[in-house]
Amino acid sequence: MDAADPHAPEGSGRINEASLSREPGLHTWLVGALAIARYHGIDLDPTTFRLDPATPVPSPAVLVEWVREQGMWAKAVRLKWQQLLRLESSGPVMLLMKDGGAVLMVEADASRNVVFVKEPTVSGAGVAVPVDELRLSQVWEGEVVMMRPQRNEEEQDTPLSFGFLTKLVMQERSILRTVGFASLIITFLTIVPILIVYSAVQRVIEYGSMSTLLLITIVLVVTTVLDAILEHARGNLLQVASTRIDAKIQLFVFKRLLSLPLDYFERTQSGVIGQAIGKVYQIREFITGRLLSTFIDASMLLILLPLMFFMQATLAWTIVAAAGLIMLVIACFLRPIRVLTGRLSAAESRKFSVLVETLHGIKTVKSLALESARYSQWDEFVAQAGDVRLQAGRLALWPATLTLPMQRYCQFGVMLLGAYLAVISKNAAEIGSLMAFTMISMRVAGPLIGFTKLMQDFEDVRATMGEAQAVLNNPPEIRGIDRGLRPAFAGAIEFDSVAFTYQGSQRPALNEVNFSVPPGTMLGLVGRSGSGKSTITRLLQGISRDYTGFVKIDGVELRSINLRHLRRNFGVVLQENFLFRGSIRDNIISGRAGLTMEDVVRAARLAGAEEFIERMPHGYDTFIQEGSPNLSGGQRQRLAIARALIVDPRLMILDEATSALDPESEALVNANLKRIGAGRTMVIVSHRLASLVDCTAIIVMDQGKVLDVGTHPELVERCSVYRMLWLQQNRHMTDNQGNTRHGSPTPVLAQGD
Ligand SMILES: Nc1ncnc2c1ncn2[C@@H]1O[C@H](COP(=O)(O)OP(=O)(O)OP(=O)(O)O)[C@@H](O)[C@H]1O
C-alpha cells in the first residue's frame, strides 16, 4: 500500500540519499541534532563535534554523547515500526538511515499507519511527508535518536531527601503493585489452612473422620506449595525492583557528586565524602528492604488482625496490648539511641578519613617512615569509634531485652492463655479455634514487632540521611555547567578590578587585579609563593566564581558563560596530573567523543611525548596503572599536556606544569612551548623564570596584586621583585655550571631549551 499523501509534492515520499539535503560542511546527523535542539529553543555548537575523518558516519553513541555534553537529554534506541507509531515524544526524533543519512520524524499517524518525516535542516524548514512501513524499511533499520531539553532545573538540582528516594521507589510501582497483589494472595493462602483447621479439626476429633483429615492434609499441601511458589515469585520481583532502584540511586549519587564544585572537595576530607556516599546505600537498603517488607507485612495485618478479633477477641486484645507495649519501650529509647548513633557516625567518619588519607599519601607515609605515627592515629580513632559503638550497642540491647517478654508472649504465651481459656470454657470447639488462633498469632507477631522496630531503624536512617545530605546537598555548580552563553573563543583575557577571597580566609587572594591580553598571547605569571598566581587560573576555569569585578574572555563575562563550554575550551596541565588506569591512548582521549588515533598522535607529537611512547613495549596501547608508577615524572607530564592538547583548546593553562620535572624533561617540554602555544592563548604559571623568557607578556604578582606587566627584558630592567627572583635562580644555575656565584644571567639559560 502506498501511504504517500496525494497532496504532497511529487516524489516527496521517497527517502534516499539524494533527497537528504546536507547542510554545507555538516554531517546530516549533526544537522538533525541541531534542528531538534533548535525546535526546543536550544542552540548547539556544532564546532565542538568531532568526527573521525576515516569514518564519515559517526556512531549513534558518539552523537548522543555529544548532545548530552551540550546539556540536553539524548538517547539512541532501536525501534520497530509499531513502536515508532506509538512513540510519545514532545518533538521531532531523528531516524538514522542505512546509508548514513537521517530524517526527522515529526509525527506518527497510527490510524493511517504512516509517519511524517522531513529532511533535517538547521532552520527547521521543509515539508513533512507521510511514509509507510514498506518504504521506510527500505532505508531504515530501526535506529532512532531521541533528544529533549533536560526536564527542568529540578531534575538536575534534585537534592537527596526521603521524598526523592520515595519517588524513585514509586517509579517501580507497576512491579510493586504486582508484589502487593502477590502478598494479598499469599495472605489469603495463609488464612485458608487456618480457617480449615478452625472449622474441621473439631469434626475430625469428634467423629474420628479420617477422610476429612486426608482432605485437610491435601488442601494444606496444595496451599503450601502455592504459597512457596508465590513467595518465590514475589521475592524475585522485589529483587528486580530493588536492583533497579539501586542502580538509579547509584547514578544519582555519582552525578550529584560530580556536580559539586571543586572547592567543596578541597574543603572536605575525602573520608567524610566516602563515608557519606556509603550511607546512601544504607538508606537504600532500608527503603528497598525493611520498609518495603514491613509495608507488605502490614497489608497482611489488615486482614489477619480483624480475623483474630473475630476468632478470639480476648486473645487478640492481649496481642495488640503486647505490641503497644513494645512500641512504647522502643519510643522511650529512640532519643538516646539517636544521639549515640550520631556520635558513632562522626567517630566512624574520622576513622575512615585516616584510612583514606593514609592510602592517598602512602608514598609519603612510606618514604618518611610515618607508619607508626599513622598507626597510632588509626589506633586512637579505632578506640574512639569502638567506645561509642560499645555504648550504642549496649543501649540498643535494652529495648531488645525489655521487649523480649512481650515478643515471647505473642509467640507462645498466647497459646497458654488460649489453652487456659479453652479449659475453663469446657467447650471442645474452642480447641480448633485455639489452634487456628495460634497459627495466626505466629503470623501476626512478626510483622507487628517488625512494625515497631521500623521506628528504631527509621531513626538510624534519619541520622544517616542527615550525613549523606550534608555532602550531597551542597549547592552544585551544575547550573553554570548547563546554562549560559557558548561563545566561540579567540582567547583574549581581561581582568577588570577583580578581587577574590577564599571561603574562611581573612585576606583576599586577589586584590584589584587589572590586566588584559589579546588572543594568542603567551602569558607568564610569576611571583612569590602565595601571591595569587594559581587563583588567577582558578578564576579563569570558573572553579571559583564568587569574585568581584569582571573576568572576561573575548569580552564576555565569565560567569555568563556556560561552564562546560568554558572548560572544554581550556586545556589545563597542573603540577600533579592524575592519569587514569588504562592505555596511553585512552588516557590521552580520556573518554571524549569523536577523537581518533590521528588526534592522539598529533597531540602526543605536539606535547613531545611521541618519542617515548613509541619506545614503550606496546606503544600507545601500553597500560598505565593507577597513579602511573610505570612512567617517569616527565613522561607523565608530557602525557598530561597531550591530554590537554588533543581537543585543540583555544586557551591553555600550565600551572607549575614543569616545576617537578628534572632539567632534561623540563627542557623538552619548554622546547615545545612555542609550538604548543601557536594559535592559542597560554597562561603559564611558573616559579622557574627561565621557562617564561619567551612569553609575550609576564605578569608579576605580589600579595594578590599585579605588580608589573611586561616582557622578560623589560621586567629585568624595571621590576625589582622580578629582577630579584631572576637573579636568585640564575645564581643557582650558574653555580651548577661552576661559574661565578655573582655572574649575571646568561642568554643560554634564558632560552630554557
Ligand atoms: N583553597 C584555598 N582555600 C583558602 N585559601 C587559599 C586556597 N588556595 C589558596 N589560598 C590562599 O590564597 C593565596 C593565594 O594562593 P595561590 O595558590 O593563588 O598563590 P600562588 O601564587 O599560586 O602560590 P604558589 O606559587 O605557592 O602556588 C594564598 O595566601 C593562599 O594561602
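In case you wondered, yes, glycine gets a Cβ from its N, Cα and C as well.
Where the annotation comes from TrEMBL, it is an automatic prediction and has not been curated.
According to TrEMBL, the domain 'Peptidase C39' annotation covers 22-147.
The annotation transmembrane segment is assigned in TrEMBL to 175-201 (among others).
The domain 'ABC transmembrane type-1' feature in TrEMBL is assigned to 179-460.
Here TrEMBL flags 207-230 (among others) as transmembrane segment. Away from its own ends, the transmembrane segment (207-230) comes close to residues 182, 185-186, 189-190, 192-193, 196-197, 200-201 of its chain (Cβ-Cβ under 8 Å, at least six residues beyond either end).
Away from its own ends, the transmembrane segment (291-309) comes close to residues 169, 176, 179-180, 183-184, 186-188, 190-191, 194, 238, 241-242, 315-316, 319-320, 437, 440-441, 443-444, 446-448, 450-451, 454 of its chain (Cβ-Cβ under 8 Å, at least six residues beyond either end). Taken from TrEMBL, the feature transmembrane segment applies to 291-309 (among others).
As annotated by TrEMBL, transmembrane segment applies to 315-334 (among others).
Annotation source TrEMBL lists region 'Disordered' at 733-753.
As annotated by TrEMBL, compositional bias 'Polar residues' applies to 733-743.
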Residues of the domain 'Peptidase C39' (22-147) by DSSP state, where helix covers H, G and I:
38 helix, 37 strand, 51 coil
Grab the pLDDT values for the domain 'Peptidase C39' (22-147) and give me their mean, rounded.
81
